[in-house]
Structures are given as structure tokens and as C-alpha cells.
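Asker: For S184, the entry in Swiss-Prot reads active site, proton donor. According to Swiss-Prot, the feature active site, proton acceptor maps to Y210. According to Swiss-Prot, the active site, lowers pKa of active site Tyr annotation covers K214, on the basis of similarity to another entry. Taken from Swiss-Prot, the feature NADP(+) binding site applies to I60, K84, D104, N131, K162, Y210, K214.
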Amino acid sequence: MANPLISNHIGKHGKYTQAFLEQNGPGDARPTALDILKDNDRIDNMKDKVFLLTGSSGGIGIETGRALAATGGKVYLGVRDLEKGKQALAEILEPGRVELLELDVGSMESVRTAAKTFLSKSTQLNVLVNNAGIMACPEAKTVDGFESQLAINYLGHFLLYKLLEQTLLSSSTPEFQSRVVNVSSAGHHMSSVVLDNINLEGEYEPWKAYGNAKTACIWMTNEIEHRYGSKGLHGLSLMPGGIATSLQRHVDPETLKEWGSSEFAQKYAKSSAQGAATTITAALGKEWEGKGGVYLEDCQEAGPVPEGGTLAVGVAPHAFDPEGEKKLWDLSLKMLNLSE
């Protein structure tokens, strides 16, 4: 039976329409990342393309990396800990084609070093997938003095993108234009970007900080589309879905118990491979060739929150704010001491 909270929200998924309407928990009929690859004829069919993924060694990162590797292209898997990365990704690593890149997006020095290392190995980058993240953690500052959720979910990725921007632009071709994909979250509903106090000094609350950072991820890709879409570089953001991963490690146990006990959550939840499907749709879906400035969920563009629905689905009105997006871009450049 279709879930009434989401049935009015679901659009056309083609062969998966019924699967998304009749959700039945992890491993149900909803597509995996590899299913999306097959549907788009991307299996072993992109040998001339280069991909870079952050947050590769845990959660949906492993499955996203597995799918990118299955394209036959060159894949750089960003990991904070090389030893952990070797263990987690052993099945897909392939010397000279699928390799690790030491990268901690919570450290701007690490981001700069990783970008320099990448550029010493490749003059090409077709898709950048910013997947690394943390959620609802206690207040903390990074080594650079930034609020940790902002730095890890957004600011480190913005810096990485800026350092690779010209490579993304020069790698774009008429048959496959370059893409930047930011993994956001339904958590963006929790807050717009607090532009006048982006580090939330004196007003920190874990979920507000998460919303602040995840909306920033959406704004970033919207602004990429505004600035560079006409030049063959596109930005897309997405909600992967409800997936049980270490991302939830800071969430109060009682809250987790409450989430897990609801029938909606049990049926809405996805496996990591299913969660990575929307990321791969954004990164490689043919329907998004030459397009961007959108927020996806369940492998399609998200609509507004349905009447009577939950914050688990749909996109908040504040996710699209051209004036705010420009201000955030300029503020981010200033925070990182970058010029345009």
C-alpha cells in the first residue's frame, strides 16, 4: 500500500515508480547505485572520465565509490584515514585506476594538500562528489577555528571545489558536462544559512548547526549553476534518504529509538547501496546532462513538503535563495582568504 505521507510527492520514476510508492525498508525494490548505473548505460562505459569522492570509507561513501569504480573511469577516493580506507575499500581499489587520496575536509590545510596531490596526478576532473559529513554533534571548533559541522559538511568542500574549479571547467565536454554533487540532507529543513553568524557563536544547537551547514551545501551548488552552468559546469544537491550509518553516532539514543520504532521510518529507511542511488543519479544520470541548480531525493527532483507530510521528504522554501546564495559564496571566499 502506498504511503499517504509521500504518495502525492512522488513524481515519475519510470520503472521504479511503484517501488518508491510502496517503500518497505532497506533492500526493498527501490534501486541501488548500481541499478542506476545500469539504467544509464554507465557500467564500464566511462573509461575516459575522472571522478573524485570525499567521505569514501564509510556509510554511503563506500557504495558511491563502488558505483563510480564500476564506470571504468579513474576514481580518487578521499579518505581521512588511509589505513581505514584501505580496509573499507579493499574490494574496489585498483592500482592506477581506483586509488585513495588522503583528505580531511575538517582541515583546510589537508584540503589544500589533497587538491595539490590530485592535480599532480590528473589534469582532468569530470565529477566532484562531496559526500563527507557529520551530524548533530556537540559544539566544537576545527583546527582552523570554524564550527565543526559547517567546516566538515560545507566549508572544506567549498575550498576543495574552488581549488579544482578550473579543472572541472576545462574537463567539460559537449557529450558530458562537468558536475559538482553535494550530498545534503532533509536536515536542511532545520535551518536556513545564518549568514550574520555562520559559526553560530553563542547560539549553537546541534540540529540548527546541521541545518545551517546542509542548506549551505544546497546554496553552493545552486550558485555554481548560476555562475557556471552556461560554461558547462553544473551543481546538484541531494538527500540520500534515511540510512543507518555512523553519521548518527552523536544523536541521542532515545531519539534514535523513537525514530526506529515508527512504522514510517522503518519503511522509509534504505540500505547504503540504495542511499547512494540518488548520489549516482545526480553524478551520472543522463536526465541531468547539462542541467543543475536542483535538489534531488529518491532519484528525482524533490518537490515541496507534502501536506500532512514529514520533514523526511521534500525541499524547504529557503533552499532556493539567489540573494543568499551569492552572499554565502562571497562570505565563504572571505573566510578562506580566497579571491574569486
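Every residue gets a Cβ built from N, Cα and C, even glycine.
For each listed feature, how buried is it and what is near it?
Answerer: Secondary structure at S184 (active site, proton donor), as computed by DSSP, is coil. Annotation for S184 (active site, proton donor): same-chain Cβ neighbours under 8 Å, separated by at least 6 residues, are K214, T215, C217, I218, S237, L238, M239, Y295.
In this structure, Y210 (active site, proton acceptor) is part of a helix by DSSP. Remark: Y210 (active site, proton acceptor) has M135, A136, Q149, N153, S185, G187, M190, S191 as non-local neighbours, by Cβ distance under 8 Å and separation of at least 6 in sequence.
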Asker: Can you check what DSSP calls K162 (NADP(+) binding site), collapsed to helix, strand or coil?
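Answerer: Assignment for K162 (NADP(+) binding site) reads helix.
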Asker: At a 10 A cut-off on CB-CB distances, which of the recorded positions K84, K162, K214 has the highest count?
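Answerer: Per the Cβ count, the most surrounded site is K214.
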